[in-house]
Amino acid sequence: MEHTYQYLWIISFVTLPVPMLIGMGLLLFPVSTKKLHRIWAFPSVLLLSIVMVFSTDLFIQQINSSSIYQYVWSWTINNDFSLEFGHLIDPLTSILLILITTVGILVLVYSDSYMSHDQGYLRFFVYMSFFNTSMLGLVTSSNLIQIYIFWELVGMCSYLLIGFWFTRPIVSNACQKAFVTNRVGDFGLLLGILGLYWITGSFEFQDLFEIFNNLIYNNDNEVHFLFVTLCAFLLFSGAIAKSAQFPLHVWLPDAMEGPTPISALIHAATMVAAGIFLVARLLPLFVVIPYIMKLIALIGIITVLLGATLAFAQKDIKRGLAYSTMSQLGYTMLALGMGSYRAALFHLITHAYSKALLFLGSGSIIHSMEGIVGYSPDKSQNMVLMGGLTKHVPITKIAFLLGTLSLCGIPPLACFWSKDEILNDSWSYSPIFAIIAFSTAGLTAFYMFRVYLLTFEGHLNIYFQNYSGKKNSAFYSISLWGKQGSKILKKKMRLLPLLTINNKNNNERASFFCFFWKKIYQTGGTVRKMTCPFITINHFGTKRIFSYPQESDNTILFPMLVLVLFTLFIGAIGIPFNQFNKEEMNLDILSKLLIPSLSLLHQNQNESVDWYEFVTNSTFSVSIASFGIFIASSLYKPIYSSLQNLKFLNLVAKKGPKRILWDKIINVIYDWSYNRGYIDVFYTISLTEGIRRLAELTSFFDRRVIDGITNGVGFTSFFAGEGIKYVGGGRISFYLLLYLFYVLIFLLISSSIFSSFSSL
């Protein structure tokens with residue numbers, strides 16, 4: 001086992017050969033590499049699967065041994081300073097390794113089909129593999145310098161993936177916004193790291209915690225206390241930006257302009273979890289500063305409520321899920337601020353799998369809509385144009401419904417167990433925070449079921465909208481950089497998630513991973529036999545276009561079905577009561593795993609809850625969630641529209657001033673949500689316009705004042721020279737006499753000054 005831990009640093013770089021080999025292939029054999037580009041999905045998945053196997057073994061060893069391992073290599077620069085690099089293996093690391101690898105593998109398999117139509121397929125897998133390498137390096141880092149290096153690499157990969165289709169102006173603006181917003185937090189993180197090193201003289205976590213605690217408990221110097229509090233806040237600012245917490249949350253909804261698999265991996269399960277990971281890693285440092293813990297809880301509860309309210313009126317399905325991510329990560333941050341370390345990590349796990357399922361489900365929905373509206377994110381992601389998809393994409397519908405119920409906190413799905421634990425802990429921390437947290441649980445159920453009902457219930461609304469898309473627009477090609485082309489396909493084709501064209505070989509599979517699932521499905525007379533289980537893929541002619549959405553292929557559906565299993569059963573690892581537990585059986589796996597971390601935080605390791613007490617406490621939260629679902633069903637289910645047409649109900653609804661007041665309240669809430677709480681507008685006016693006006697003022701000062709002085713001296717010399725040249729008469733003797741006269745005056749002045757100094 002010692003050798004396993006000693007060489008575990010290798011797992012951070014196992015996935016690195018994929019981008020290197022793709023780069024070498026494009027350099028040495030560009031034609032063959034591009035022609036065989038689909039095979040690169042296999043090594044990407046294979047290498048990450050190897051990492052997952054080792055991570056699972058590590059997870060089991062951590063449960064059995066309950067210990068922390070750290071290996072460090074020192075690079076001595078001089079006698080006073082040395083850099084140390086290594087890896088730290090503890091429960092937090094093992095949890096994040098499992099999370100990154102499992103979700104990463106499923107997203108890579110999903111992406112093989114989802115991105116099959118895109119000419120940037122190779123570039124996509126290069127970015128994804130490098131991102132996985134960066135995240136694995138981040139969670140295994142043993143000191144703050146290593147964390148910062150991989151932190152920046154993760155940010156770079158996020159920038160590249162958000163801007164994957166950068167020829168679209170809205171995409172380039174989105175990746176720039178994400179980059180600049182994260183730079184604010186990253187700059188604070190760097191200052192905090194340098195400040196802590198100046199105080200403690202170390203970057204290593206163990207040394208840092210010990211020295212920091214001694215400094216807080218043994219030193220009454222207020223200057224030091226204020227400085228360490230400032231450093232802790234600067235460290236926390238990095239987590240605020242990375243995890244999209246208020247007030248640096250504005251980049252996350254715009255980041256949805258990237259491909260949907262990116263949203264599932266980076267902006268739901270892993271990268272936004274990096275901020276939570278940083279706070280959890282540094283919690284022994286934060287916990288000795290009460291002001292910072294209160295600030296973490298305050299930021300968390302504000303983000304919980306803000307994210308929920310901003311999700312109310314979103315029309316874009318991915319942006320609605322983005323605000324949901326923001327709100328749920330706020331719950332996790334709230335738990336960390338309250339000191340509920342176990343509940344925070346539990347919710348991080350359950351939310352990651354549930355939200356990854358929802359994002360992959362939204363990608364399946366978007367692909368099915370692209371068969372009708374073409375490559376147009378404004379249309380294919382617009383829930384206003386959806387509806388009635390239940391009978392067209394039944395498997396996606398079931399998966400999406402389970403993810404929605406989990407996020408709403410409905411038992412026995414994953415998020416119920418973790419969210420309920422956070423809600424119960426909030427009562428003992430602050431009644432005000434508890435009221436907000438419980439209320440937001442109802443709001444979460446409302447806006448998530450709003451998304452579900454608008455998407456799957458009723459009728460396909462695109463046929464009832466003023467939609468002016470061209471008939472052939474569904475068959476646009478996608479350029480290398482994601483730009484919509486004008487090329488119309490003129491050959492017979494198979495409609496895959498978007499397009500996969502090959503007429504010569506009818507046995508060509510939908511994606512690389514279809515090779516592993518062979519089954520023939522016989523369909524109608526005009527349709528040929530195809531290889532793929534969950535759906536029937538047709539060959540269509542030139543002008544043929546889908547009238548209704550079609551279910552996605554097996555490569556897209558398989559990862560979703562695996563995530564359904566996680567959503568159903570992952571909550572079992574943290575069931576908080578052990579009433580039926582015998583001496584040889586321990587149901588609460590998570591608490592057993594976190595024993596070393598809880599010991600470091602001096603928290604109680606045996607927090608088993610009586611099952612009757614748990615059911616009593618959870619009944620209230622489930623009732624609130626059920627009420628939110630009921631309100632959403634009342635407002636958005638098709639039966640409501642039918643009832644509204646009844647004359648009697650219309651008379652009652654429109655009767656009296658209460659209806660007018662209600663409409664005004666609804667409009668205010670809608671405007672608040674649709675305009676993102678006016679926070680983006682505030683930043684645009686106060687920061688963007690302020691910086692622009694400051695730049696204009698600086699430019700005016702530079703051109704008018706600085707350049708004016710310089711140009712003024714030049715103009716003065718020019719005109720003085722022009723005036724003087726007319727004084728002389730053109731005789732050289734006169735010029736010599738005038739020159740000698742000026743020299744004589746200069747000597748007299750110099751001698752008088754020298755004599756006055758010598759007399760002193």
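These residue numbers are counts, starting from 1, taken along the chain as shown.
Just so you know, glycine gets a Cβ as well, placed from its N, Cα and C.
If you check Swiss-Prot, you get these features:
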type	residues	note
TRANSMEM	9-29	transmembrane segment
TRANSMEM	39-59	transmembrane segment
TRANSMEM	147-167	transmembrane segment
TRANSMEM	185-205	transmembrane segment
TRANSMEM	221-241	transmembrane segment
TRANSMEM	260-280	transmembrane segment
TRANSMEM	282-302	transmembrane segment
TRANSMEM	329-349	transmembrane segment
TRANSMEM	356-376	transmembrane segment
TRANSMEM	398-418	transmembrane segment
TRANSMEM	556-576	transmembrane segment
TRANSMEM	734-754	transmembrane segment
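Note: the stretches the transmembrane segment (147-167) and the transmembrane segment (260-280) are in contact (3+ CB pairs below 8 A, sequence gap of 6 or more). Remark: the transmembrane segment (556-576) makes no contact with the transmembrane segment (39-59), by the rule of 3 or more CB pairs under 8 A.
By number of Cβ pairs under 8 Å, the transmembrane segment (221-241) is matched best by 185-205 from the list 39-59, 185-205, 260-280, 329-349, 356-376.
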